[in-house]
Amino acid sequence: MKPSLVILTGAGISAESGLGTFRDADGVWSKFDWRQLATPEGFANDPVAVHGFYNARRQGLVAAAPHAAHTALAELETGWRASGGDFLLVTQNIDDLHERAGSRALIHMHGELFKARCGACGTVTDCRTDLSIADACTACGREGRMRPHVVWFGEIPLGMEEIFPALETATHFAAIGTSGTVWPAAGFAEAAKIAGARTWELSLEAGEGGHFFDVTDYGPASETVPRWARTMMDEIRA
Ligand code: APR
């Protein structure tokens, strides 16, 4: 059977880069109301507030940098593929730290902070600066319809047509820095387990769905992920 590694990352992998997680004690959703800021209804009610929230996060991301865990996953991708394995990195994060570290086979299932989308024609464009309700779409010219290219609560995650087939053939699966509370990502460990994969959880503490993990390692991602990536390389070379 061809070795096939699927990795799911969440906010915890970017915590040591200075980006806040969502559900830890001082998490983003302890300070802000996701109903107002991360739903289509919230955007319809108060687009200025929603733009302000994501503009601040975009500015924070400009100043952030990847750390040892992001780098370890990029190197693991190269090594794992060179040894003949299939590799897919799925992130719930809207930051671009995996790309900056060198990851290539990557799906942003919750969208990307450095992209904007026109709510009228659907065109996705790069977005490195603040968005506002006055912005016009560069493709269709409509004003006032630009939104962050992120998946809000109640919207359909991206890339599922690629993610679920990869989970069905996975031989190895790891969830890194995610609380496992948001679906459908919360179901990935179970899907991989049903497919016969060995499963790992790397996080600060146990998330939901712990019984689907064969191995757990709780600690900062900058320490656990490079260590785990070395064991994965030992495994595929054996
Ligand atoms: N190293 C490893 N894990 C960490 C670290 C760290 N330094 N710091 C925190 N964690 C862990 C926490 O223990 C927690 O289990 O990361 C996890 C973060 O969980 P959440 O804040 O719930 O983030 P996530 O699982 O990515 O959230 C999923 O919810 O609102 C949304 O769309 C948003 O993509 C996000 C989704």
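Backbone N, Cα and C define each Cβ position, glycine as well.
Annotation source TrEMBL lists domain 'Deacetylase sirtuin-type' at 1-238. The average pLDDT computed for the domain 'Deacetylase sirtuin-type' (1-238) is 97.
Counting only same-chain residues at least 6 apart in sequence, those with a Cβ under 8 Å from the Cβ of Gly10 (NAD(+) binding site) are Thr21, Thr91, Gln92, Asn93, Ala175, Ile176, Gly177, Thr178, Ser179, Ala185. In this structure, Gly10 (NAD(+) binding site) belongs to neither helix nor strand by DSSP; it is coil. The NAD(+) binding site annotation in TrEMBL covers 10-29, 92-95, 177-179, Ala221.
DSSP classifies Arg57 (substrate binding site) as helix under the three-state reduction. Within its own chain, Arg57 (substrate binding site) has Ile94, Leu113 as residues 6 or more apart in sequence whose C-beta sits under 8 angstroms from its own. Residues or ranges marked as substrate binding site by TrEMBL: Tyr54, Arg57.
Feature annotation from TrEMBL assigns active site, proton acceptor to His110. Its Cβ taken as reference, His110 (active site, proton acceptor) is surrounded by 23 other Cβ atoms within 10 Å in the chains shown. His110 (active site, proton acceptor) falls within neither a helix nor a strand when secondary structure is assigned with DSSP, and so counts as coil.
Listed in sequence order, the residues of the same chain lying 6 or more apart from Cys140 (Zn(2+) binding site) and placing their CB within less than 8 Å of its CB are Cys118, Ala120, Cys121, Thr123. Taken from TrEMBL, the feature Zn(2+) binding site covers Cys118, Cys121, Cys137, Cys140.
Taking a Cβ cut-off of under 6 Å from any atom of ligand 1, the recorded positions Gly10, Gly18, Phe22, Gln92, His110, Cys140 reduce to Gly10, Phe22, Gln92, His110. For the recorded site, Cys121 (Zn(2+) binding site), the DSSP three-state label reads coil. The Zn(2+) site is defined by Cys118, Cys121, Cys137, Cys140, and by the 8 Å test on Cβ atoms against their centroid, the other residues of the chain that qualify are Gly119, Ala120, Gly122, Thr123, Thr138, Ala139, Gly141, Arg142, Arg145. Phe22 (NAD(+) binding site) sits 30 Å from Cys137 (Zn(2+) binding site), counting Cα to Cα.
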